[in-house]
Amino acid sequence: MAIFAMGWQKPDNVAGSSAPAIMVGLFVATGGLLLGYDTGTINGILAMKSFKDHFSTGYIDGNGQPGIYPKESALIVAMLSAGTAIGALLAAPLGDHYGRRRSLIGAIGIFVIGAILQVCAYNIDLLVAGRTVAGVGIGIVSVLVPLYQSEMAPKWIRGTLVCTYQLSITMGLLAAAVVNILTYKLKTAAAYRVPIGLQLTWACVLALGLTVLPETPRYLIKRGDKNAAALSLSRLRRLDITHPALVEELAEIEANHQYEMALGPDSYKDILFGEPHLGRRTFTGCCLQMLQQLTGVNFIMYYGTTFFNNAGVGNPFKISLIMQVINTASTIPGLFVVESWGRRRLLMVGAIGMAICQLLIAAFATASGSNNLSAQNKVLITFVAIYIFFFAASWGPVVWVVTSEIYPLKVRAKSMSITTASNWFLNFGIAYGTPYMQTNSAASDESSIDLGSKVFFVWGAFCIVAVGFVWCMVYETSKISLEQIDEMYERVDHAWHSRRFEPSWSFQEMRDLGFSDGGIPPTQQLQQQPQQPQQQQQQHHQQQQHQLQVDLQQSQSRTSNSSTSQTDTGGSNNTGASQDDKLVASLGNIDLSY
């Protein structure tokens, strides 16, 4: 498979096969294509002459040609972000009630409705409505895809797998840039309707594919369906349900969930203002998502073609295509080092690199003024390209990785919903405000300022802030399980000490000793417990295996009553097949064979 060819190898001490989980995670990651493609198409469409001719409401640009008012272009771009913010907030109740997989299918259905409205739009109002509806679907996808990936992925490749969501976003941006180049010279409505309509193709493929994928084991444990969780995990790891490694992983997931439930019911108030470590995690996730936007990347992604055109750069469509190629290719190095370097180091290096590039662009533009525009454009293109490299290799994918890992199971969907919504709310502000930062007020008859390349002073300053924030607040979550991340937040007081964290107890041990009041792990008591001899550990595994077998047999016996009338000659084998089919059906009528 391609992912192994790129250099990732399963550790020798990991039982079974990770191939099914990797293939599932890679397919689900392509949900990012919807976001990337939609973002990329609007970047080029706003600069298309045919689009401006069809949708202009009387505005004349500096060249005396029909154009779009800044407030109108701001609405067209920003209302997608408004919709995504709404969708992100809806993702938690939907994902917890209907499951991650079914909610993703529903989200794609919403996106399809929005895309159809955009294709059929004949005025700005209908176009804005379509982008808002499509945004709701994308917002749900942006929460549930990383959540789905993190909950089903093996820990040794979890970060890399979640990074592929960002890779899919960049591939969508690149595809949109290619399509825009192929259609922008058309003089009919096909110039912009073809790029918009093409996104329906992959949306339908993704929705159909999701119907045959498994629900995540952690969600099934949260729902109380241990038998379905065992079967789902066995198919994702290619292990028998009684294999010690699978039993251990499933038991730890279940014990962790029982520990969280022992703390009492959760609410949005508890997530924000409850336990200190939970509030810290929420604050970390929200700030990371907001800082990702404040790096200024969507200034380039939304308005790059228009910005390069206003700066006097020749052939801005080709320059935007080059930037998207760099964006896509530069995401791949991040996949390689997200596990070996770790999340903290990669985020800090990326922020430092972006800050240097942006401040150099702004400083050179300020020093040169209106002189030597050719040299300014060369500096602009060069350092924007390097800046995109640093973003794509670090803050692009890694923010999604961290925010999908740091929350406990019982509030994971709610917390990711809040943090992702914070990303989209700020995305809306940037998308809406940018036209006013790049338009001459005399030409537009609106209150605006023409910062030009000096806007990079703003983005560069926030990148410097990002370096300090990562050092102080972001814990290192690589190479440990989602359940061990909970232990780390309980025990490690400062983020800069997190790289030295070593798990010392499990939630199974805590359950055996009894959860203490307030949910604080009985660390001292655990440390005082003598290590279990190998014979006792084996006996413990055998007991867990036996209990799983009993549970599954009971489940099978309840669902196989209708098969008892089969003949003695073939009844045994047929009943076994029937039982397995019905147990698979308990996962939601999905095919788990790989």
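Cβ coordinates come from backbone N, Cα and C, glycine included.
The compositional bias 'Low complexity' annotation in Swiss-Prot covers 524-576.
Swiss-Prot lists N372 with the feature N-linked glycosylation site, giving sequence analysis as the kind of evidence.
Per Swiss-Prot, the feature region 'Disordered' maps to 512-594.
The topological domain 'Cytoplasmic' annotation in Swiss-Prot covers 1-13 (among others).
Under the heading topological domain 'Extracellular', Swiss-Prot lists 35-73 (among others), citing sequence analysis as support. Taking H, G and I as helix, E and B as strand and the rest as coil, DSSP gives the topological domain 'Extracellular' (35-73) the counts 22 helix, 2 strand, 15 coil.
The average pLDDT computed for the topological domain 'Cytoplasmic' (95-103) is 94. Taken from Swiss-Prot, the feature topological domain 'Cytoplasmic' applies to 95-103 (among others).
Residue counts for the topological domain 'Cytoplasmic' (147-159) under DSSP, helix first, then strand, then coil, are 8 helix, 0 strand, 5 coil. Summarising the annotation, Swiss-Prot assigns topological domain 'Cytoplasmic' to 147-159 (among others) and lists sequence analysis as the type of evidence.
Feature annotation from Swiss-Prot assigns topological domain 'Extracellular' to 181-193 (among others).
Per Swiss-Prot, the feature topological domain 'Cytoplasmic' maps to 215-293 (among others); the stated evidence is sequence analysis.
Counting residue by residue with DSSP, the topological domain 'Extracellular' (315-318) contains 3 helix, 0 strand, 1 coil. The annotation topological domain 'Extracellular' is assigned in Swiss-Prot to 315-318 (among others) on the grounds of sequence analysis.
Sequence-remote contacts of a segment are chain residues at least 6 beyond its ends whose Cβ falls under 8 Å from one of its Cβ atoms, and for the topological domain 'Cytoplasmic' (340-345) they are 159, 398, 401-402, 470-471, 474-478, 495, 498-499. As annotated by Swiss-Prot, topological domain 'Cytoplasmic' applies to 340-345 (among others), with the evidence given as sequence analysis.
Annotated topological domain 'Extracellular' per Swiss-Prot: 367-378 (among others), in sequence order, evidence recorded as sequence analysis.
Same-chain residues lying 6 or more positions outside the topological domain 'Cytoplasmic' (404-415) and placing a CB less than 8 Å from one of its CB atoms are 91-92, 95-96, 143-144, 146-147, 149-151, 158-159, 162, 218, 221-222, 253, 256-257, 260-261, 266, 268, 270-271, 278, 281-282, 284-285, 475, 477, 482, 485-486, 489. Positions annotated as topological domain 'Cytoplasmic' by Swiss-Prot: 404-415 (among others).
Feature annotation from Swiss-Prot assigns topological domain 'Extracellular' to 437-454 (among others).
The topological domain 'Cytoplasmic' feature in Swiss-Prot is assigned to 476-594 (among others).
The transmembrane segment annotation in Swiss-Prot covers 14-34 (among others).
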Does the chain bring the transmembrane segment (346-366) near the transmembrane segment (455-475), so that three or more CB pairs sit under 8 Å (pairs 6 or more apart in sequence)?
-> yes
Recorded stretch, among 14-34, 74-94, 126-146, 194-214, maximising Cβ pairs under 8 Å relative to the transmembrane segment (160-180) = 14-34
For the transmembrane segment (104-124), out of 74-94, 194-214, 294-314, 319-339, 455-475, most C-beta pairs under 8 A are with 194-214
Grouping DSSP H, G, I as helix and E, B as strand, the residues of the topological domain 'Cytoplasmic' (404-415) number 9 helix, 0 strand, 3 coil
Determine whether the transmembrane segment (379-403) and the transmembrane segment (294-314) share at least three Cβ pairs under 8 Å, counting only pairs 6 or more apart in sequence.
-> yes
